[in-house]
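One structure, pasted below without further comment.
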Amino acid sequence: MAAETAQALSSGGADQRPRHVAIIMDGNGRWATERGWPRLVGHRRGAERVKQIVQACPDLGVNWLTVYAFSTENWKRSTEEVLGLMRIFRRYIEREAESLSAEGVRLRFIGGRDRLDAKLQQLMSSIEARTAGNSLLNLTVAINYGGRDELARAAGRLAQKVARGEVGAVGEDDLAACLDTAGHPDPDLVIRTSGETRTSNFLPWQAAYSEYEFTPTLWPDFTPDHMAAILDRFGLRERRFGGV
Ligand code: IPE
Ligand code: IPE
Ligand code: MG
């Protein structure tokens with residue numbers, strides 16, 4: 001028996017699919033710079049890719065998709081780039097609201113909202129409400145998201161619950177219930193594009209036991225076929241969760 005086949009059998013078979021995939025969509029800037037174009041052109045192409053990957057998820061057997069769009073650290077970039085990205089997020093929500101609703105996508109956001117402009121915050125809340133009844137794909141977009149920031153905010157909420165007497169001895173579930181992702185399953189697989197092999201403050205709590213895939217492909221070049229190949233490899237992995 002081929003080694004890969006034996007491994008596939010021991011891990012539940014090559015048809016093991018990740019239910020929840022999280023993606024660090026990196027490489028937009030380099031994609032544009034390589035072509036002599038402004039970085040924002042790369043971000044616009046990146047947003048087009050999100051649409052394509054979202055549409056492909058149901059066929060790929062993925063029911064939860066979480067994408068990292070803007071980190072708490074990304075405010076360090078030029079005002080032009082930050083404002084351009086915020087405009088792209090607003091347009092994405094405005095233009096996609098209709099089709100996401102019709103396609104059965106439930107859209108939610110994680111990350112701190114206070115620092116985002118009022119119009120964007122209002123669009124985020126309204127599309128969350130509008131798509132709340134959908135379940136074909138649970139799409140979560142991380143905007144102004146940082147894992148440490150999320151944990152600090154969660155600790156604050158948890159402290160209030162303890163002070164009110166709603167929580168006694170604090171356990172893992174109590175903290176998880178205070179995260180932005182409360183009620184979401186943990187990601188089975190985290191993919192990072194662009195060749196960087198770091199997690200950049202993405203889902204440190206939730207991805208504690210996720211499998212990771214790092215691909216050199218820049219995000220604007222990442223197609224549903226690339227994703228399908230990664231999911232096939234995931235099927236060959238043996239997940240142990242500390243067991244034997
Ligand atoms: C990812 O692409 C998108 C965001 C972080 C907003 P980058 O903008 O980080 O692209 P590179 O890494 O500079 O190529
Ligand atoms: C991570 O990419 C954040 C997003 C993809 C939104 P970065 O490009 O900001 O990460 P670093 O700076 O390479 O760690
Ligand atoms: Mg980057």
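Any Cβ shown, glycine's included, is placed from N, Cα and C.
What TrEMBL says about a protein is an automatic prediction, not a curated fact.
What TrEMBL records for Asp26 is active site. The feature active site, proton acceptor is assigned by TrEMBL to Asn74. The Mg(2+) binding site annotation in TrEMBL covers Asp26, Glu211. Residues annotated as substrate binding site in TrEMBL: 27-31, Arg39, His43, 71-73, Trp75, Arg77, Arg192, 198-200.
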What is the one among the binding-site residues Gly27, Gly29 whose Cβ has the most other Cβ atoms less than or equal to 10 Å away?
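Counting Cβ neighbours within 10 Å, the top one is Gly27.
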If the criterion is a C-beta within less than 6 angstroms of any ligand 2 atom, which of the recorded positions Asp26, Gly29, Asn74, Thr199, Glu211 pass it? List them in sequence order.
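Checked recorded positions vs ligand 2; flagged Asp26, Asn74.
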If I take the Cα of Arg192 (substrate binding site) as reference, which of the recorded positions Asp26, Asn74, Glu211 has the closest Cα?
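Out of the listed candidates, the nearest Cα belongs to Asp26.
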Under DSSP, is Thr72 (substrate binding site) part of a helix or a strand, or is it coil?
coil
Pick the one among the binding-site residues Trp31, Trp75 whose Cβ has the fewest other Cβ atoms within 10 Å in this structure.
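Per-residue Cβ counts within 10 Å for the binding-site residues Trp31, Trp75 bottom out at Trp75.
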Which binding-site residues from the list Thr72, Trp75, Arg192, Thr199, Glu211 come close to ligand 1, meaning a Cβ under 6 Å from one of its atoms?
none
